[in-house]
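Everything below concerns the one structure shown next.
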Amino acid sequence: MPGFYEIVIKVPSDLDGHLPGISDSFVNWVAEKEWELPPDSDMDLNLIEQAPLTVAEKLQRDFLTEWRRVSKAPEALFFVQFEKGESYFHMHVLVETTGVKSMVLGRFLSQIREKLIQRIYRGIEPTLPNWFAVTKTRNGAGGGNKVVDECYIPNYLLPKTQPELQWAWTNMEQYLSACLNLTERKRLVAQHLTHVSQTQEQNKENQNPNSDAPVIRSKTSARYMELVGWLVDKGITSEKQWIQEDQASYISFNAASNSRSQIKAALDNAGKIMSLTKTAPDYLVGQQPVEDISSNRIYKILELNGYDPQYAASVFLGWATKKFGKRNTIWLFGPATTGKTNIAEAIAHTVPFYGCVNWTNENFPFNDCVDKMVIWWEEGKMTAKVVESAKAILGGSKVRVDQKCKSSAQIDPTPVIVTSNTNMCAVIDGNSTTFEHQQPLQDRMFKFELTRRLDHDFGKVTKQEVKDFFRWAKDHVVEVEHEFYVKKGGAKKRPAPSDADISEPKRVRESVAQPSTSDAEASINYADRLARGHSL
């Protein structure tokens, strides 16, 4: 949700008193302008003060022009409302915080203020007290620049009616029709209040009704709880992921010092909640049904290697949900560039927490695998030193493992995905290779053999493709056989040729030259040779 700075600009209504010495041309410009309401407005034009509105319209237009220049954000969101107060006409100018940090806001606003004096008031500063001011977190000295969220608009600005409400401008799509339409304003306010009520009810439902634990109830705590809940839903555990998911949201929390301090705490709390209450399927399975899965890269890789994508998808889904008992591991086997790492990497990066097996360090190979949602074993080998722990982890059993510079820690049942082009069921012990653990290891795995090389422009599997594939698997589940080799299927057999397609067999050309004489001639020649031999 974007954050906004609020600048309150007072608008002169008594030109002689508020702008002493202003030129006649300025007075004529203000007096000559006539305003009309758009056709979809239900406001009363007679309740609108047109002369101050002319000045206000020029002020907001020039202010936004300068704001876009200093913020370097031409698409920055804004909402401006012109109101008639008890003492003065004034504008509430809400501008998105994007591009302007709080520490330099005062400097930029001073520049904009001088521009408005020169361009609009011909160098004459209004005598209105504090006519150009940014809203602070508290009155008096020491308050920081206040950042409000979008809820400020339906909470405070939209409920205003005539004659207090004079005019409004915005580039926010959801409020365009409500600027000058009182009925639409009421509808949006009611919709917002309903949403707030539902959110509060949902927060109450999420709390343990049998718990008597004290809960701080305030706007600050509600906003913090909303932030942590959003981070958990999106699986965000770092500031980098937050920026990639919603840059405006991240910047809005950096705009003020009080909200900036919540960032690391919220990420830390969200991570703890995810590790304790969420599992891999919560992030691997997408929310929306998939209509066409044929363009999905995981689907293409499996189909290219002769697997039935629906059956293979059911294997992946059951693996993620730990449905197959001790057969807790998927082994993607094959040479380079066949997509095995492409699939495993995408699955691992889709969940908030994944661990990698460091098989090169035999002392602490599973150091990174504690409290993870998925374990990824990339291009490794099975050694006699780690095979017993590996069998427990691959089989989804609880096992304690040594950790570097720490005491041993327990690895809970966690889905494992292995990518390798070597035999992971052969145990290497020094210079020898043994197969005594082959059957137990095979009983813990589903093996996919990927042998078809991918084109150079095939591309990387994305997180969304992973979620779509698992969602499609959930909607098309089939029965899976508990076998080491995942059966292939879906390949089309070439039909037998018909009689019309069968041609006469070609004559085979002999490669050895045949003698030119017949058998009879050969016998006569042998007789002549025998007779000549006797005569000698």
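Quick reminder: no glycine exception, Cβ is built from N, Cα and C everywhere.
For the recorded site, Tyr156 (active site, for nuclease activity), the DSSP three-state label reads helix. Around Tyr156 (active site, for nuclease activity), no same-chain residue six or more apart in sequence has its CB under 8 Å from its CB. The active site, for nuclease activity annotation in Swiss-Prot covers Tyr156, and the record cites sequence analysis as its basis.
For 196-211, the entry in Swiss-Prot reads compositional bias 'Polar residues'.
The domain 'PV NS1-Nuc' annotation in Swiss-Prot covers 1-199 and rests on sequence analysis.
According to Swiss-Prot, the feature domain 'SF3 helicase' maps to 308-463, an assignment based on sequence analysis.
The region 'Disordered' annotation in Swiss-Prot covers 196-216 (among others).
Taken from Swiss-Prot, the feature region 'Disordered' covers 488-536 (among others).
Feature annotation from Swiss-Prot assigns motif 'RCR-3' to 156-160; the stated evidence is sequence analysis. Under 8 Å from some Cβ of the motif 'RCR-3' (156-160) lie the Cβ atoms of residues 79, 81, 83, 92, 168, 175, 178, 185, 188-189, all in the same chain and six or more residues away from its ends.
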